[in-house]
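A.B. asks: Quick one: the structure is below, and I'll ask about it shortly.
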Amino acid sequence: LPRRWADNFSAAGCGGTEEHGFQHPFLQAVGMFLGEFSCLGVFYLLVWRDQRRPEPSMAPSQPFSPLLFLPPALCDMTGTSIMYVALNMTSASSFQMLRGSVIIFTGLLSVAFLGRKLELSQWLGILVTIVGLVVVGLADLHSSHDQKHKLSEVITGRRWPVSWGGERAPTDTRSHPGFFGFVILALLLVPMYYIPAGSFSGNPRRTLEDALDAFCQIGHQPLIALALLGNISSIAFFNFAGISVTKEISATTRMVLDSLRTLVIWAVSLAVGWETFHGLEILGFGVLLLGAALYNGLHRPLLARL
């Protein structure tokens, strides 16, 4: 929501350019990684507090190379950047619902690269998720006349919850990719400043990203800085809380809570007037929930009771 709030601001840029929308997805992606990286501070705080106890509960970490996190960090950086570009092209609720496509890619890639055998219910969940994505996409296309941009053919998502083992997982495993993503993407802002993007770009220079223009807009409209800070804080809290829930309870519980997050985003977007109500979104959201439930085996307890 803070990310979408920032997109709604308009301000003058550098050199006296006319007022224009704040559309800087790659710069905001850097802020997202900064939020993830901030979890490292929480991790060391928890380690310090545990070491001060008479009987520490955290097991000592095994030696490993932080470069192991570089490949997933590069994948995360690419996916996040594309997601933030896509958010400029659709509503916040549709964007959140379309992220449900991660189930499809997670399932298919686990079969292709990990040799995993999916159950019938998981294949059915993937199929139902595809149907839900089509419904949500149709709803977005029907309401796109009220938006500045139509829905792009960009469907992506973040990692599906994974059960972690060990005490240090809730923060340490997220902070290293956050560090790599923050540093690498921040450095890439320099060449992006010179790469032409034409009508695909949202800044006056029509380059892939214009970080200087973003800072000038923040100077003219300080509320943008508040929105960016809110985005960084929400990302940090979401990652820490999400992985903690996955570790302490289960990935299924996190899936349910994440679905509720989609509902909250949709309700707030409607309340503040960022988008209009469309009945197809209710149907699409319900179908996506059904697909996620089938994939994660939520039907098993129900069948066991029956």
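Cβ atoms here come from the backbone N, Cα and C positions, even for glycine.
The annotation transmembrane segment is assigned in TrEMBL to 26-47, 67-85, 97-114, 120-141, 178-195, 223-243, 280-298. The feature domain 'EamA' is assigned by TrEMBL to 39-136.
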A.B. asks: Taking contact to mean three or more C-beta pairs under 8 angstroms, with sequence separation of 6 or more, is the transmembrane segment (120-141) in contact with the transmembrane segment (97-114)?
C.D. replies: yes
A.B. asks: With the transmembrane segment (178-195) as the reference, find which of 26-47, 67-85, 97-114, 280-298 contributes the most Cβ pairs under 8 Å.
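C.D. replies: Checked against 26-47, 67-85, 97-114, 280-298; highest Cβ contact count belongs to 26-47.
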A.B. asks: Between the transmembrane segment (97-114) and the stretches 26-47, 67-85, 223-243, 280-298, work out which stretch tops the count of Cβ pairs under 8 Å.
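C.D. replies: Per the Cβ count, the answer is 280-298.
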A.B. asks: Take every residue in the domain 'EamA' (39-136), average their pLDDT values, and give the whole-number result.
C.D. replies: 81
